[in-house]
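These notes are about the structure you will find just below.
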Amino acid sequence: MNNKNNGMHLEVLINKSISLFNLQYQAFFKKRCVDIIIKNIDNSYVQGKIKQKSETDYYGFYKGDYFDFEAKQTNKNSFLIKQIQPHQLAHLYLIHKNSGFSFLIICFINYNLYFIITFQQLINYYQKTKRKSIPFQWFKDQCIELEIIFPGVINFKKMINDLKLKYYDD
């Protein structure tokens, strides 16, 4: 199975969304770069190695708050928790413990739906159920469903407001 473009749909959607949000609201959200060491260049073929594990996909500031999140997608009826690497969980934990907003955006490709699950929700779910996956219906019932406003743009303003309400309620 070729995983080369795994997550590209969601990444493009988020990149377009944060570009618009940054412009409209003078926010600062950015995709993290992956450090790569280039070993060899042969015509158009570049051979390289990842220097170190990346933390999460995105980070940003808006109105004095810090946000850090990972983007994942699945074509199944559940989200496999093992899709989140241990170093990413550790990073999200540190953000959470330092009063930042740490979360994941999950895309269910088969349903064309997008959700936010906070770090705390993820940990609570796993500690309570010990399950290795989270069913789609749980996301529908428990998580913030993201609204797409323009073709290919998440309503980031609404997402941030909903996330703040969810965080303060948990």
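Cβ atoms here come from the backbone N, Cα and C positions, even for glycine.
For GLN88 (Mg(2+) binding site), other Cβ atoms within 10 Å of its Cβ number 19. What Swiss-Prot lists as Mg(2+) binding site is ASP57, GLU70, GLN88, and the listing cites similarity to another entry.
Per Swiss-Prot, site 'Transition state stabilizer' is recorded for LYS72, and the stated evidence type is similarity to another entry. Reduced to three states, the DSSP call for LYS72 (site 'Transition state stabilizer') is strand.
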Rounded to the nearest Å, what's the C-alpha distance separating ASP57 (Mg(2+) binding site) and LYS72 (site 'Transition state stabilizer')? Just drop the number here, would you? 9
Give me the Cα-Cα distance between LYS72 (site 'Transition state stabilizer') and GLN88 (Mg(2+) binding site), rounded to a whole Å. 12
Reading the DSSP string in three states, the entry for ASP57 (Mg(2+) binding site) is coil
Nonlocal neighbours by CB distance (under 8 Å) for GLU70 (Mg(2+) binding site), same chain, sequence gap 6 or more: THR56, ASP57, TYR58, ILE84, GLN88, LEU92, LEU104, ILE105
Take the Cβ of LYS72 (site 'Transition state stabilizer') and count every other Cβ within 10 Å, whichever protein chain it belongs to. 19
